[in-house]
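> Take this structure first; my questions come after.
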Amino acid sequence: MMLIPTHHFRNIERKPEYLQPEKCVPPPYPGPVGTMWFIRDGCGIACAIVTWFLVLYAEFVVLFVMLIPSRDYVYSIINGIVFNLLAFLALASHCRAMLTDPVRICTEMAFTLLGRGVSFPQKLNKPGAVPKGNATKEFIESLQLKPGQVVYKCPKCCSIKPDRAHHCSVCKRCIRKMDHHCPWVNNCVGENNQKYFVLFTMYIALISLHALIMVGFHFLHCFEEDWTKCSSFSPPTTVILLILLCFEGLLFLIFTSVMFGTQVHSICTDETGIEQLKKEERRWAKKTKWMNMKAVFGHPFSLGWASPFATPDQGKADPYQYVV
């Protein structure tokens, strides 16, 4: 069947005069292969530092205000191990989400066959964001496009643009399957780091819930006992630290739980936040929710789904199937 363009921008991008390859100049110093991905954005870096500070603050209060002064050593050891493990996994997930290129596969020869879906030559696929400034006249001529084949060009980063790619003004690149740009991880959430972002929200929600439960028990213990004996700090300082932790835990429990739910829904429906917001017409093959989950977290199902250190193995999944 013949596919209908989803956006007015797509119609414009098909016009030869819009492509203007002579105005595209490749970057003079392209980054070497294997260079660590890091977005140099002041706001994002500040938010990432604040995230680590808040987690470390929670660590401080949990350990030095509630657990270490406790006389119940079994309670302190068990809760200390659980909380520190969850906090470690949360920070590890944060690092992976921040330092991972959000695009799993892109191509320097991304083109669309009108009415026949998308084709990406396997030998030219390589990891990384959509190459910046590759929509040059020489490069387009080297594609040797046949009649009916059309390339998309991003006017902002001057790149040949695959389908389901959107330009991020912060990353200054086109990101395939971009869900949104999250300042808390100082990166876009895309197909290659969505797993780590989901794990980050999940583990932050868990440590927030765990901290709130421990704060509740600690308040009950201090009301029943002498306040001077339930903490190594003075009673006013103890109360202030616990109230701040309670406020932080409640705020982030709500925020990360909502983000976790929206991300899981986005994965199951195979529709990014931007695609939902713009109500883009679905042009890719519909798969089951379980297949969509495995496309993000890896094939097959394993404990590696919960590990930020396990890189998803896509197996035989084809995330680039389009309706034809």
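Backbone N, Cα and C define each Cβ position, glycine as well.
It should be emphasised that the depicted structure is a prediction, and the values quoted were computed from it without experimental measurement.
Dumping what TrEMBL says about this protein:
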- 153-279: domain 'Palmitoyltransferase DHHC' (DOMAIN)
- 45-67: transmembrane segment (TRANSMEM)
- 73-92: transmembrane segment (TRANSMEM)
- 196-219: transmembrane segment (TRANSMEM)
- 239-260: transmembrane segment (TRANSMEM)
> Grab the same-chain neighbours of the transmembrane segment (239-260) for me: Cβ-Cβ under 8 Å, and only residues 6 or more beyond its ends, written as numbers and ranges.
54, 57-58, 61-62, 65-66, 198, 201-202, 204-205, 208-209, 211-212, 215, 218-219, 233
> Using DSSP, how many residues in the domain 'Palmitoyltransferase DHHC' (153-279) fall into helix, strand and coil?
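Helix (H, G, I), strand (E, B), coil: 72 helix, 18 strand, 37 coil.
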